[in-house]
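The structure under discussion appears below in the form of structure tokens.
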Amino acid sequence: MSTTPLTTPPTPLPFQISIPPSTLSTFKSKLLAAEFPDELQSSQWDMGVPLAEMKRLTKAFAEWDWRQAERELNLVPQFVTPVEVEGFGGVDVHFVWERSEVEGAVPLLFVHGSPSLPNFGFSSGIKTRGFGIAQYAETCHKLMLSLGYPQYVTQGGDWGFYITRAIGHLYPDSCMASHINMLRAPPPKFKKNPILATQHKLTSYTKAEEEGFKRTEWFAQEGRGYYMEQATKPQTLAYALTDSPVALLAWIYEKMHDWTDEYPWSDEEVFRWVAIYAFSRAGPGAAHRIYYETMHTGEGGITRDIVEGWIPKVKLGLAYNPKEISVLPATWCRTLGPVVYEAFNESGGHFYATEKPALLARDLRTMFGKGGGAYKVVKGRTFSSPPSFQTFLLLTSI
């Protein structure tokens, strides 16, 4: 796929979030009119969000001041710009552009919190089938080119893992390095990874790796039902999540609870996350179509086998968190590409940037700073001390 930017890329327009009063009024009315199910005696989180917690959150959500949150969010430098995606036309992409004051700062694309992916946040919704991982990667790549960054580095978790990996596969002359914190990879095989396969065969699993297998198995058996629904019948689910703020709150809050390492979510954090889905441009149901499109990607598309395989030209940094939803041995994850940095954290879960921002900053500074495995990886751009980045934000699904 071409890495050539548009001849005259449009100038990004400043963006401010402004939710209509009628939308807020309807949202609050539905929260106040909510009807709740019963629950089994002694119900715990293993069955979903406990009833008492949902009642408390729903009442607090109805009393919460979105306008205050909106004012604070609008202090962040947000923009929107059209990106031409092959076969889908122009897609309006909403993103945060945090420009460094340091000359020659490295362009860093965050995909799990900085640009709003199509169908998420305040970017356009996609109305036709086939917008899969390759198209999300194309969107992000062309956004960076349009902003004047022919080379850049990426950071990703959740869908950001798959999208940044696809960027590295499709555009290796532009994506110079990636740091990822949700790791999916197969065990090494002698035919493809003889050294790693030998290490894997001769070395016993550590206690942390054994615990990682337990966590991974728990998610596969007890935490993955949402994935199958979103990947097979996203439209059916969309009716509930669009019409009912309580359904949306429960659907998202369950994951925020289960996928973290006992992170103490404040009501403010929970409500902001849920509200951005509720007030998104395409509606909360649209965000789950990425699951369907990925599972139904046809021959010739970017599949999980590709992004979970060896990508040779992109230097790689890996962060291992014990409460991630997939916790695999290092010998497996090193089959993803040329690893130049690894962090084995003693705590942390799926939402790395929220739970452990200092550790994520440490990772990036070490990996891209002087002496790091990806130092000077972007032509003409080096780090100051501490390392500096041009940062871009994209919102991805949970």
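Counting starts with 1 at the first residue shown.
From the backbone N, Cα and C atoms, a Cβ is placed for every residue, glycine too.
In TrEMBL, annotation is done automatically, which means it is predicted and not curated.
The domain 'Epoxide hydrolase N-terminal' annotation in TrEMBL covers 14-116. According to TrEMBL, the active site, nucleophile annotation covers D158. Residues or ranges marked as active site, proton donor in TrEMBL: Y291. Under the heading active site, proton acceptor, TrEMBL lists H350.
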Mind giving me a neighbour count for the residue listed as 'active site, proton donor'? Other Cβ atoms within 10 Å of its Cβ, every protein chain shown.
20
Just to verify: the residue among D158, H350 with the fewest other Cβ atoms within 10 Å, which of the active-site residues is it?
D158
What is the pLDDT of the domain 'Epoxide hydrolase N-terminal' (14-116) when averaged and given as a whole number?
95
Rounded to the nearest Å, what's the C-alpha distance separating D158 (active site, nucleophile) and the residue listed as 'active site, proton donor'? Just drop the number here, would you?
12
Rounded Cα separation (Å) that holds between Y291 (active site, proton donor) and H350 (active site, proton acceptor):
18
According to DSSP, how is the domain 'Epoxide hydrolase N-terminal' (14-116) divided among helix, strand and coil residues?
36 helix, 28 strand, 39 coil
